[in-house]
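Chemist: I am attaching a structure below and will ask some questions about it afterwards.
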Amino acid sequence: MEVFYYVVFGALAAVVAGLELGKSGKDRVATTSAFNSFKNNYVLVYSLMMSGDWLQGPYVYYLYSQYGFDKGDIGRLFIAGFGSSMLFGTIVGSLADKQGRKRACITYCISYILSCITKHSPEYRVLMIGRILGGIATSLLFSAFESWLVAEHNKRGFDPQWLSITFSKAIFLGNGLIAIVSGLFANLLAENLGFGPVAPFDAAACFLAIGMAIIMSSWSENYGDPSESKDLMAQFKVAAKAIASDEKIALLGAIQSLFEGSMYTFVFLWTPALSPNEEDIPHGFIFATFMLSSMLGSSIASRLLARKLKVEGYMQIVFSISAVTLVLPVVTNILVPTSSVKGGSTSVGGSLQLLGFCTFEACVGIFWPSIMKMRSQYIPEEARSTIMNFFRIPLNLFVCVVLYNVNAFPITVMFGMCSIFLFMAAILQRRLMVVSDLHKSSTKTQEMIEEDEPLNP
C-alpha cells in the first residue's frame with residue numbers, strides 16, 4: 001500500500017488525538033454524576049446499535065455477488081431497502097410517538113436481527129424481505145433513539161445544553177471509532193478466520209441482542225403524545241401541520257434532506273472517483289480513514305457546542321466547505337490529465353480527491369451532533385419521531401432515484417449535482433438563522449410587553 005495513505009491516516013489520527021487530549025476548561029462542561037451515568041448508558045446502547053449497522057456494511061454487496069446475483073439484481077435489493085425506509089419505515093417510525101420510543105428501539109433491534117438472519121439464505125425473495133426489514137430498522141435507528149434521548153433528558157430535568165455533550169460523544173464513538181473497529185472486526189471474521197461473508201451479519205445480530213437486553217432492563221418508556229384520541233393519520237396531520245406552519249421546521253427538514261442525500265450519494269461514488277481506471281486502492285483502509293475524518297469532525301463539533309457557538313451560524317460554513325470538496329472531482333477531471341492505462345497506483349487527481357473527501361467526512365462529523373442539536377430545539381416533542389421520519393421521505397426518494405440512474409450520468413455530473421445541493425443547504429441554513437433570530441427577538445419583545453402591563457393598568 002502506498003505511503004500516501006499511511007501519511008493521511010497518521011496525520012488525521014494525530015490531530016484527533018491532539019484535540020481530544022488538549023481540551024481546556026472552555027471545552028468541557030461541568031455536569032452531575034446522575035447525568036454522566038445517563039449519558040454513558042445511552043452512548044453504550046447507541047454504540048452497540050451502530051456496531052450492528054456498521055458490521056454489515058463492508059460485506060452486503062460482496063455477499064449478494066457471492067450468491068450469484070448481478071449488478072442489476074443487487075441494485076434492486078438496495079433500492080428496496082431505501083424504498084422500504086421511505087414507505088414502511090415512516091409508518092413504523094411514526095408509531096414511536098404514540099406507542100412509545102423504548103418499544104420502537106426494541107423493534108429496531110428485532111427487525112435488524114431478522115434482517116441479519118435472512119442473509120443465510122441465497123433465495124432472492126428471502127434477501128428482499130431482509131432488505132425491507134433493514135429499511136424499516138434504518139428509519140427507527142435515525143429517529144426513535146434520538147427521540148427517546150431528548151424526551152428522557154428533559155424528563156429528568158437535566159440542563160438542555162448538556163444534550164450536545166451526549167450527541168457529540170455518541171457520534172464520536174458510534175459513527176467514528178465503532179465504525180473503524182467494526183470494519184476491522186468484520187474483515188477478521190470473514191477473511192482472517194475464514195468464517196465467510198455471512199459471519200459479520202451474525203456478529204451484528206449478537207451486538208444488537210446485547211443492546212436490546214440493556215434497553216429492556218435500564219430504559220424507561222416515554223411518548224410524544226400518549227392521548228388515546230389520536231390515531232396514526234392524526235399523528236401524520238399533526239406533523240404535517242407543524243412543518244407547514246413553522247418555517248424553521250420546514251427549513252430544517254430541507255437542510256437535512258439536501259445534506260444527507262448528498263452524503264449517501266457520495267457513498268456510492270467515492271470508489272469509482274478514486275479509481276477511474278481501475279487503480280488498485282485499499283478500500284478498507286480508505287474507509288477507516290474516512291471514519292477517522294468523521295471522528296475529527298465530531299471532536300471539533302463538541303468544542304464548538306461546548307463554547308455555545310451558534311449552530312445556525314457555523315453550519316453555514318460547514319455546508320459551504322462540503323460543497324467545495326464535492327466539486328473537486330469535477331475540477332480535477334478538467335485540470336489534471338488522466339491516464340488511459342488500466343490499473344497501477346493512485347493518480348495525482350485521485351490523491352487530491354482523497355484529501356477533499358476526508359474534508360467532506362470531517363464536515364459529516366460536525367453535521368450529525370449539530371443537526372441533532374437543532375432538531376432538539378425546533379421539533380415539537382409531541383410528534384418528534386413522526387416529523388423526523390417525514391424528513392427522511394425526500395431523502396430516501398432521492399437516493400432511490402440516484403441508485404436507479406447511477407449509470408445514466410457521468411460521475412462528474414453526479415458530484416456537481418451534490419455540490420449544488422450542499423450550496424443550497426448553506427443558503428437555507430442562512431435563512432434558518434435569520435428566521436430563528438427574528439422569532440427570538442419577537443418573543444423577547446412580547447415578554448417585555450407582558451412584564452410592563454401590570455405596571456401600566
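Heads up, the Cβ atoms here are built off N, Cα and C, so glycines get one too.
Pasting the relevant annotations from TrEMBL:
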TRANSMEM  6-22  transmembrane segment
TRANSMEM  43-62  transmembrane segment
TRANSMEM  74-96  transmembrane segment
TRANSMEM  129-150  transmembrane segment
TRANSMEM  170-189  transmembrane segment
TRANSMEM  201-219  transmembrane segment
TRANSMEM  284-305  transmembrane segment
TRANSMEM  317-336  transmembrane segment
TRANSMEM  348-368  transmembrane segment
TRANSMEM  389-405  transmembrane segment
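Each of the listed features needs to be described in terms of its position in the shown structure.
Modeler: Non-local neighbours of the transmembrane segment (6-22) in the same chain are 285, 288-289, 292-293, 295-296, 299-300, 303, 354-355, 358; each lies 6+ residues outside the stretch with a CB under 8 Å from one of its CB atoms.
Within its own chain, the transmembrane segment (43-62) is flanked in space by residues 74, 105, 108-109, 112, 116, 138, 141, 145, 166, 169-170, 173-175, 178-179, 181-183, 185-187, 190, 197-198, 200-201, 203-205, 207-208, 210-211, 214-215, 219, 284, 287, which lie at least six positions past its ends and keep a Cβ under 8 Å from the stretch.
Same-chain residues lying 6+ beyond the ends of the transmembrane segment (201-219) with a Cβ under 8 Å from its Cβ atoms: 41, 44-45, 48-49, 51-53, 55-56, 59, 63, 102, 105-106, 109-110, 112-113, 116-117, 119, 148, 152, 185-186, 189.
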Chemist: Could you check whether the transmembrane segment (129-150) packs against the transmembrane segment (74-96) - three or more CB pairs closer than 8 Å, residues at least 6 apart in sequence?
Modeler: yes
Chemist: Tally Cβ pairs under 8 Å between the transmembrane segment (74-96) and each listed stretch (284-305, 317-336, 389-405), then give the stretch with the top tally.
Modeler: 389-405
